[in-house]
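The block underneath contains the structure these notes are about, expressed in structure tokens.
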Amino acid sequence: MVARLTRLIILALTLFSLHAQAGLFDSGSSPHFVTVNQAFGFDFSQNNHNVVLRWKVKPGYYLYRQQFSITGTNAVIAGIALPSGQPHEDEFFGKSQIFPQDVQIPVTLKSTLPGATLKISYQGCAAAGFCYPPETREVPLSQVSTTRSEAPATAAATPAPVPEPQSGPAVSRLPFSPLWALLIGIGIAFTPCVLPMYPLISAIILGGRRDVRASRILLLAFVYVQGMGLTYTLMGIVVAAAGLRFQAALQSPVILLSLSAVFILLALSMFGLFSLQLPSSLQTRLTLWSNRQQGGSLSGVFLMGALAGLICSPCTTAPLSAILLYIAQSGNMLAGGGTLYLYALGMGLPLIIVTLFGNKLLPKSGPWMQSVKEGFGFVILALPVFLIDRVAGDLWGMRLWSLLGVAFFGWAFALSLKSPKGWMRVLQIVWLLAALVAARPLQDWAFATPGVTASQEQALPFQNIGTVADLQQQLSQAQGKITMVDLYADWCVACKEFEKYTFTDPQVRQEFSQFRLVQANVTANSAQDNALLTHLNVLGLPTLLFFDANGHEIPDSRVTGYMNASQFLAHLRKLRAE
């Protein structure tokens, strides 16, 4: 009896240990992800003119708000109520909105013709770092009509007015908040070309009188600033509209580099290398028109402010030109007009204070005003660095930001040495430490060993494919090596993380020398891209597949989702050891 019981216990322990080992070692190298239909269950309903589109979002997954696209075929869409999403931010695509829970989108139809459909595109990801290709659904519509006849040509294909559309001319968001323009305007007011003029402008606004009620003084100064703001706002709207018209051209590397050169010239003018201003004849004419206006009257003061916005001094021309070129990059007329209005308001706030309280609150003129002007030269230099970053890539962008930081903190340190005040010694230490920190990327570039630098900057030897036939051809040329197939897309955040962090690791690169590297870019989500994904039974990205020397996929080798360098290196070594 005891012997039989002992055998049963041993058998139970053996079975348990085998199960535990299976649970420990048979798990794949990547998390399990469901199909796109399981992640985002789609449904719809129609009640006459009202269509409701529904998505049931699986926990741990989310849909991108800006990726929704709804168009009608043989249907006129009256409106779409796209709800607000939850704020989301990642390193590569910045701020966006997502739907991590079930979402409904009401669509109102104006009219439909027989055979009308809605074409709906959407895209989502898993929170674990796995993204699905854009999904497209076509919804059949029942026929509805309005009281007035709709032209069939109009109803043939009507795009939905989805907020923040992805198609058509893209309206870029400004990378820096327009509120910075307010601070820049205030700073420009304290440059040597502007601040000394404020008492004179104040006297002109009041018509040479000081026996005016405080409320009237405040109103006159405010109206003057609004006139100036109107001029600048119109400038911003016109330039942003022009930028929207030529948005595609403004994104080309040649144009970006040319604009960067212009920004650098504008910055050099702030450092005193040369002066930028309107032709003297035009300035004289504008000044005469301004002087004809009657000071002390609201209409006259408003016109003086509007004309003052056109009279650019050497201190204001470069910053104004830089801001105008900057907002032209966005093509956003609202942001363009608002940015220039805030800039004018910033310049006008000190003027309102001087007009209301007199010169007592003004700081004394001195060399410090030239330092303010030079400081704005560094602000303008940040714009070409931002533009070149988009052309040269992250590595050179970081070096340029480092160079700008070293230059600014070095300038501030040299400036602080001129002051005899004791507390400036503390500030000198701060500037010096900041310059040392900012110089780190330059130090890494200058003093890194040549082998490491070349390894980091050299592109990986990927063989690019686009079709199933291309894949078969590459697998037939394996030459006894394991073939890694990397499926990449620009809309895949984790793909970019692989590219930036994992594939750049020196040990991973060294291990790659034992593999044949193949890559398919499926960003376009074309028919041949979908055929390749279907052939490989791929649900989404990132996905990396490994094939043996005979062209067969290695079991349990597929990587879905992001892996850091150490995890991925262990995976590669395990595959080679088998």
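In case you wondered, yes, glycine gets a Cβ from its N, Cα and C as well.
Record features, source Swiss-Prot:
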SIGNAL    1-22  signal peptide
TOPO_DOM  23-180  topological domain 'Periplasmic'
DISULFID  CYS125-CYS131  disulfide bond
TRANSMEM  181-201  transmembrane segment
DISULFID  CYS193-CYS315  disulfide bond
TOPO_DOM  202-216  topological domain 'Cytoplasmic'
TRANSMEM  217-237  transmembrane segment
TOPO_DOM  238-253  topological domain 'Periplasmic'
TRANSMEM  254-274  transmembrane segment
TOPO_DOM  275-306  topological domain 'Cytoplasmic'
TRANSMEM  307-327  transmembrane segment
TOPO_DOM  328-336  topological domain 'Periplasmic'
TRANSMEM  337-357  transmembrane segment
TOPO_DOM  358-367  topological domain 'Cytoplasmic'
TRANSMEM  368-388  transmembrane segment
TOPO_DOM  389-394  topological domain 'Periplasmic'
TRANSMEM  395-415  transmembrane segment
TOPO_DOM  416-428  topological domain 'Cytoplasmic'
TRANSMEM  429-449  transmembrane segment
DOMAIN    436-577  domain 'Thioredoxin'
TOPO_DOM  450-578  topological domain 'Periplasmic'
DISULFID  CYS492-CYS495  disulfide bond
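Sequence-distant residue pairs (6 or more apart) of the transmembrane segment (254-274) and the transmembrane segment (395-415) include fewer than 3 whose Cβ atoms are under 8 Å, leaving the two stretches without contact. Panel annotation: around the topological domain 'Cytoplasmic' (416-428), no residue of the same chain lying at least six beyond its termini places a Cβ under 8 Å from a Cβ of the stretch (none). Between the CA atoms of CYS131 (disulfide bond) and CYS492 (disulfide bond) there is a gap of 6 Å. On its own chain, CYS125 (disulfide bond) has TYR61, TYR62, TYR64, CYS131, TYR132, VAL493, GLY540 as residues at least 6 apart in sequence with a Cβ closer than 8 Å to its own Cβ. Most buried of the disulfide-bonded residues CYS131, CYS495, judged by other Cβ atoms within 10 Å, is CYS495. Every protein chain shown contributes to the tally, and the Cβ of CYS492 (disulfide bond) ends up with 26 other Cβ atoms within 10 Å. Helix, strand and coil residue tallies for the topological domain 'Periplasmic' (450-578), in that order: 56 helix, 26 strand, 47 coil [DSSP].
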